[in-house]
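Novice: Before I ask anything, here is the structure I am working with.
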Amino acid sequence: MDISTIRLNSSSITPATSTSPAPSSHRSGSLSYNGTNSCRLLQFQQQRKKGTCSSIIVCSTKPITPVLDQQGVNESGLSRIESLSQVSGVLGCQWGDEGKGKLVDILAKHFDIVARCQGGANAGHTIYNSEGKKFALHLVPSGILNEETVCVIGNGVVVHLPGLFKEIDNLEANGVSCQGRILVSDRAHLLFDFHQEIDGLREAELANSFIGTTKRGIGPCYSSKVIRNGIRVSDLRHMDTFPKKLDLLLSDASSRFQGFKYGHDMLREEVERYKKFAERLEPFITDTVHFMNDAISQKKKILVEGGQATMLDIDFGTYPFVTSSSPSAGGICTGLGIAPRVVGDLVGVVKAYTTRVGSGPFPTEIMDKGGDLLRFAGQEFGTTTGRPRRCGWLDIVALRYCCQINGFASLNLTKLDVLSDLSEIQLGVTYRHPDGSALNSFPSDLSLLEQIKVDYEVLPGWQADISSIRKYSDLPKAARDYVERIEELVGVPIHYIGIGPGRDALIYK
């Protein structure tokens, strides 16, 4: 879609109708393995029994509102959250940046464990604590702000240790305790600084066909994993063989990329650096496959936090303009070592419009000034890179495709408030071939995606501030009509509606 389909004035975007811990030994702290390798969460259970998180009752001359807990969850929301299955998950339904971190942060209080199953520091989740302080997380799961939650970085994640320790130091400096609360899989692969350098060299090599990666080294690290010369977290316990493995990895990179300069000094310096990292990481290292399955057998509640989103999935996304892991439901089992039969409710997170970062097809993209206005209204700039996101209308075809792949039980529609100034809102409901015939599904052929035409359904806007509303029935009728039309088109209920960045800015439907 180009700017000719948008009518602009000084206060709104007005679219016109268009068709176009060590696993083998005792560990101290709240979570450890005893002599029979039984996982314990004693301190966290004791804290809950003490009832340290009580409800807040506020006396006021204003009409009585539902009692909220410390995260702004009312009775209706609490009922909704408590109905989630023992192992639940929060996954992205678009090209990432949907606001998954906020929902994970809210749900985390009601789960014992929050686990990351894939991706790396290319995932950026922005969350706020109860005082409104902003935290930008990349590797640490978004449950870390809830002091009773244990955070697991699973075997499917690629871990950049300098970045991880930087996040931990920042959290600790801001009063968030991480000791005994972050577990790193011994099977997770290590992402080195040189992977990031290679990422940049690879993008430069692709020239005009570049992927548009975050240049955080994710793809090169997964490449090392897949060709079987990668280095895992458990290798840090064997510093006698670590230098040889690292030399092989660096030599391979040097032979592949002319711009990558490698010498023995680099190897020696990197080995010394990682000896220190190994010592610091040791208390975090865990056989997380055993830990997760033991927790499941003990009926602990587990929330899986996805990074990126289904439209960036290595198999199901707009390949090759994708990430290098599986952010869809299948990645939960392979990235954590848990059985498919234990995975229950999955919540898909989708913006009330669509954004994407980097290169690749974007059928419902709004070009030029129209996209700029939506970008600034939604503050659409990457958490990880700061890059401006491309913006467009909600793509129902892509959303339906994501729901089919993941089997979502419900959706979290975020940033509904961003659309509040629009007099009309469009939904991309059908893809058509250049000859006008409809496509039955989301195509894998990028050349076809570049040529398709989108049929749009136009709905009236509500042109009212909804950011302070907390009950679904209080939303303007046009806003409710928009939500319910999405449900009707996709066939999945919307149970959570985001109307602002704060923890309490969530409507439970």
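Quick reminder: no glycine exception, Cβ is built from N, Cα and C everywhere.
No curator has checked TrEMBL annotations; they are predicted automatically.
In case it helps, TrEMBL gives these features for our protein:
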- Asp97: active site, proton acceptor (ACT_SITE)
- His125: active site, proton donor (ACT_SITE)
- Lys225: active site (ACT_SITE)
- 96-102, 124-126, Arg389, 415-417, 498-500: GTP binding site (BINDING)
- Asp97, Gly124: Mg(2+) binding site (BINDING)
- Asp97, Glu98, Gly99, Lys100, Asn122, Ala123, Gly124, His125, Thr214, Arg228, Gln308, Thr323, Arg387: IMP binding site (BINDING)
- Thr383, Thr384, Thr385, Gly386, Arg387, Pro388, Arg389: substrate binding site (BINDING)
- 10-31: compositional bias 'Low complexity' (COMPBIAS)
- 1-31: region 'Disordered' (REGION)
Novice: Taking the Cβ of each of the recorded positions and counting other Cβ atoms inside 10 Å, which one has the highest number: Lys225, Arg387?
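Specialist: Selected residue: Lys225.
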Novice: Just jot down the residues in the same chain as Pro388 (substrate binding site), at least 6 apart in sequence, with C-beta under 8 A of its C-beta; none if empty.
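Specialist: Expected: Arg375, Glu380, Phe381, Gly382.
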Novice: Run through the Cβ atoms and count how many others sit within 10 Å of the one on Gly96 (GTP binding site).
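Specialist: The answer is 29 other Cβ atoms.
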Novice: Using Gln308 (IMP binding site) as the reference point, find which of the recorded positions Lys102, His125, Lys225, Gly386, Ile499 has the shortest Cα-to-Cα distance to it.
Specialist: His125
Novice: Tally every other Cβ atom lying within 10 Å of the Cβ atom of Gln308 (IMP binding site).
Specialist: 32
Novice: What Cα-Cα separation, expressed in whole Å, is found between Thr126 (GTP binding site) and Asp97 (active site, proton acceptor)?
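Specialist: Thr126 (GTP binding site) to Asp97 (active site, proton acceptor), Cα-Cα distance: 9 Å.
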Novice: Under 8 Å Cβ-Cβ from Ile499 (GTP binding site), six or more apart in the same chain: what's there?
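Specialist: When sequence neighbours closer than 6 are ignored, Ile499 (GTP binding site) has Leu416, Asp417, Ile466, Ser467, Ile469, Ala505, Leu506, Ile507 within Cβ distance under 8 Å.
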Novice: State which of the following binding-site residues has the fewest other Cβ atoms within 10 Å around its Cβ: Asn122, Thr126.
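Specialist: Candidates: the binding-site residues Asn122, Thr126. Fewest Cβ atoms within 10 Å: Thr126.
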Novice: Determine the minimum-neighbour residue: among Gly99, Gly386, listed as binding-site residues, which Cβ has the fewest other Cβ atoms within 10 angstroms?
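Specialist: Among the binding-site residues Gly99, Gly386, the sparsest Cβ neighbourhood within 10 Å belongs to Gly386.
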Novice: Please report how many Å separate the Cα atom of Arg389 (substrate binding site) from that of Asn122 (IMP binding site), as a whole number.
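Specialist: Cα-Cα distance, Arg389 (substrate binding site) to Asn122 (IMP binding site): 15 Å.
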Novice: Among the recorded positions Gly96, Asp97, Lys225, Arg387, which ones place their C-alpha within 10 angstroms of the C-alpha of Gly124 (Mg(2+) binding site)?
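Specialist: Correct set: Gly96, Asp97.
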Novice: For Arg389 (substrate binding site), list the number of other Cβ atoms lying within 10 Å of its Cβ atom.
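Specialist: For Arg389 (substrate binding site), the count of other Cβ atoms within 10 Å is 21.
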Novice: Spatially, which candidate from the recorded positions Asn122, His125, Arg387 is nearest to Gly99 (GTP binding site), comparing Cα atoms?
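Specialist: Its closest listed neighbour, by Cα, is His125.
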Novice: Consider the recorded positions Asp97, Asn122, His125 and say which one has the Cα lying nearest the Cα of Lys225 (active site).
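Specialist: Checking each of Asp97, Asn122, His125 against Lys225 (active site), the shortest Cα distance is to Asn122.
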Novice: Taking the Cβ of Leu416 (GTP binding site) as centre, how many other Cβ atoms lie within 10 Å?
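Specialist: Summing over all protein chains shown, Leu416 (GTP binding site) has 24 other Cβ atoms within 10 Å.
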Novice: Hey, how far is Gly96 (GTP binding site) from Asn122 (IMP binding site), Cα to Cα, in Å?
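Specialist: Distance between the two Cα atoms comes out at 10 Å.
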